[in-house]
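Per TrEMBL, the feature transmembrane segment maps to 12-31, 37-54, 61-79, 91-115, 127-146, 166-191, 198-219, 493-513. Per TrEMBL, domain 'CN hydrolase' is recorded for 232-483.
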Amino acid sequence: MLSFRNSNDSLSTFAYLLALLAGASMTLAFAPLEWRAFAFLAPAVLFWLNLKSVPTKQRLWLAWVFGVGVFAGGAHWIYVSIHFFGGANSFIAAFMVAIFVVIMALFLLVFGWLAGYTAHMPQAVRLLVVFPAIWVLTEWFRGWFLTGFPWLQLGSSQIDTWLAHYAPITGVLGVSWLVAVCAGVSVLLVLGTLRERVIASCLAMVVVAGGFGLGQIRWTEPAGEPLYVSMLQGNVDQLTKWSREFRNDNIQAYLDLMDGDKYPNVESSHLVIWPETALADFFPQSLDVMLPLQDWAREAKADLLVGGFHVNRDTEAVYNAVMAVGGERDVEVSINTGEHVYAKQHLVPFSEYIPLLKYLRFLEHIIKLPYDNVTAWDGTNTLMVAGQPMRMSVCYEDAYAEEMIAGLPQATMLVNVSNDGWFTGSIEPAQHAEIARMRALETGRYLLRATNNGVSAIIDENGKVTATAEPRIATVISGYATPMQGTTPYVRVGNWLIIPLMFILLGVPLLLLRGKFY
């Protein structure tokens, strides 16, 4: 007979294996598979295992093993960038991925540690109140500590369900909380008393009804006529993207997409967007491209957003940037002053810069980084393009929900330029697009995504994709996007609603029930 305990009352190997498999299965809830039920099943298994009375050390191991499953299953794609595009051999790449997974799984220790303080609480309180609160606090902590990694948040997996309607109020973390509550409900429906099952069922119905009700509310409204926009997906080979030898060929790939004979929609666009570092060069050395683009934009009466590298003339700092071109703007002035430029504020460690470089300089000899001395931008996060203020983001900046609401509600649209080509052939591009959809829903704004090889898309204010294209092909994605005005509750307060609530839901039972059970 299978048992979760050994004769010495400790957890058996099978319990740890179950935790590992449950963690790995959570990946199935996210894009590209989108088997949403696993978002409830995976934490339900973790909650169930933590109902058992075991020593703190084993509880910590259990949570960590679950975390290993989550990040090995859901973030193994970093191997692609390290090995295929970073130049590290397969052994070193696998070793570095293993280190990453081990470290990320440590965040789940917060869950195991705090869950240990609930051992004498009623199981309904633990499953419906305390465990979901701990889960959300763990996700929140992981999202900002040491620059943060807000990937694989449970709430993102529910973008197409009724739970997503809570996002404009609570943000993605609030949706994660409701998923965790429903996970607790599912455990209680199996293990609880009749009274507990009734309570759990009523709670589930309230959550469902609330989701359907909130889905009828429109938090924002049009701020003008729809814009016709085009995103260029150049599908430039990541292996040759940074080579000076292929510079002109790579640029030509994007210029071909602006050919009015082949792509007439581009010439009729109000806004045309090139993806992150589509111009894999410094703007000052790229006047041979930027000046003709300026002429094209003026003739077409359109605005362009072009990804490349901006250089501060005074400090020589390098920025991963996007420049607005067209109208009365002068690209030479923009290059010299930084006007009409937005650059990345939240950099990727060990990619755009190396933390503790004094001690980790050896990494430069292991991984080939095209630019590892990029500087974080401290300028504006909004550019006026096509007559509208647009909140810009580069690369994975749109994964940081609370950072993205800076610049709102003034901005009427969101723009993300990215290069998920670093992870070609993996599940990362689909995951990233799913995250972007949640940002659109939270803010009640259209989000325009331009990427090198997918997933490029127009996402409406409800998080629905209205135009996209197959990944890994050179193409143009065109369609209408409506500027929106108004403020969702999440834009107004950010995480200041959900996080204090989680501390209350965790702290009150600990304080009130401690005296009763100890």
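Cβ coordinates are placed from backbone N, Cα and C, and glycine is handled just like the others.
Counting C-beta pairs under 8 angstroms (sequence separation of 6 or more), the transmembrane segment (37-54) fails to reach the transmembrane segment (198-219), with fewer than 3 such pairs. The stretch in 61-79, 91-115, 166-191, 198-219, 493-513 that contributes the largest number of Cβ pairs under 8 Å to the transmembrane segment (127-146) is 166-191.
The transmembrane segment (91-115) makes no contact with the transmembrane segment (166-191): fewer than 3 of their CB pairs lie within 8 A, with pairs spaced 6 or more apart in sequence. The average pLDDT the prediction assigns to the domain 'CN hydrolase' (232-483) is 93. Within the same chain, the transmembrane segment (166-191) stays apart from the transmembrane segment (61-79): fewer than three Cβ pairs sit under 8 Å, each pair at least 6 residues apart.
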